[in-house]
Amino acid sequence: MKEELSKVSSMQNFEMIQRERLPTLYEVLIQRTSQPVDLWTFYTFLSQFPYAINYLDFWVDLMTHTRLCKNYIELVRKSLINFPQEQQQNGSTSTATFDLLNALIEEGHLDPEAPDKLLENSGPDVPFSPKLNELLGDWKHQSGIGQEALRNEDVALIVDEIMKRRSQQDGKPQITTKQLLHSAVGLCNTYLVSPEQSERYLSNIPMETRNRIIESVQIERKYDIEIFDDLKNLTYQFLEMDCFPKFLSRVALHNIHDEISDWRFHSVGVTNEKSNRSRGQTHISRSPFSNHTSISRIGFGLLWLGIGFWIGYVLIFLAYSRAIRVVTVVPFTLGCYCIVCGMYQVDIVYSWFGVTQRLLHRHKNAGNDEGDASSDTDHVPMILAVFGGRRRLTRIEHPFTRQLLRKRGLWCLLLVVGATAAFTVIFSCVPGRRV
């Protein structure tokens, strides 16, 4: 009960904090934030920068490896705790396994309180005692394992074999150190070995750090989390200092966005994996307001200003009354609105309704994802489809971002009113002269 109350209190405190400031990078990476400052939007934003997206890919894959290691540790810990009870219900094979585990614990090769030491994969640095070797031989015989198997006296491999046989009995999948090693090797091959081998190769990594990690994983066959700590810190610093501020300035200060270009789809040999990752965030539209929304608004605004100037000069040189010349307020309002919104990349109406355009990129082989678009626009008014397309719009769920964009929208409204008033007064108050 106390834990549930603590979680509820923590969630309430987090929601209050999110109303007072923009999120941090860590909050985005652990997926605690909402649109438009969520992890997927951050991923889409980085896809337009060569090699920057690789660091976020590495972070996500490293977190997957970390969760895999933690799950393995938790499974080992629970197995060591529950095994004495299971031993009473099973046969001789379970007895031999129980005796072997007890001997490993007594001689210090295995610590139930710290099973994470298995991740260090230290190998047979500490030799087994004759008693332990005898128990190991009995366990192999009872389990039907050849005497040549597990000859390296590797505790991690022994625990793997025990857990593997337990999983066959209870039908539950188990994580093994082979899976952990395969995951660590995959990280090295994908991000550290060579740019020719992988397009997600991490550049600008110190050679000392790179070589040390490769040697630890591929030669020493280690897979614990601490091996990647230095690279993890470098990745976080790069994302926090170079990438995240640009991301916040893009999505938290603006609610209209031009279509971005994913550089990976313009290179030779694009992989299917990357195509699948970007599916659902691709966008194909013939509307210039959807593809190039800022420049389209500015161009449309200049057109309306030109119309306003033309109407104003015609009415002046035809000596129409000042009351009639006030009609120039309409084209001047539309022109100033479009130009100000395009220059500041803040649509005033969008800010009032609390919506923003999603970051989208065009893929030359992709089509629209109708299902994703419809699910994201259920709460977006149809009237907002005039500029930019309704499918690109999504509701701003982060409270501080919504408040910030509303303030910027108010500032843009003041600029529009001021500019419109100035043009209207000038063309309405100057003396008319018929030519």
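Placed from the backbone N, Cα and C atoms, the Cβ positions cover glycine too.
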Tyr320 vs Arg434, same side of the membrane according to Swiss-Prot: yes
Feature phosphoserine, as given in Swiss-Prot - residue among Ser143, Ser167, Ser375: Ser167
Residues of the topological domain 'Extracellular' (319-325) by DSSP state, where helix covers H, G and I: 4 helix, 0 strand, 3 coil
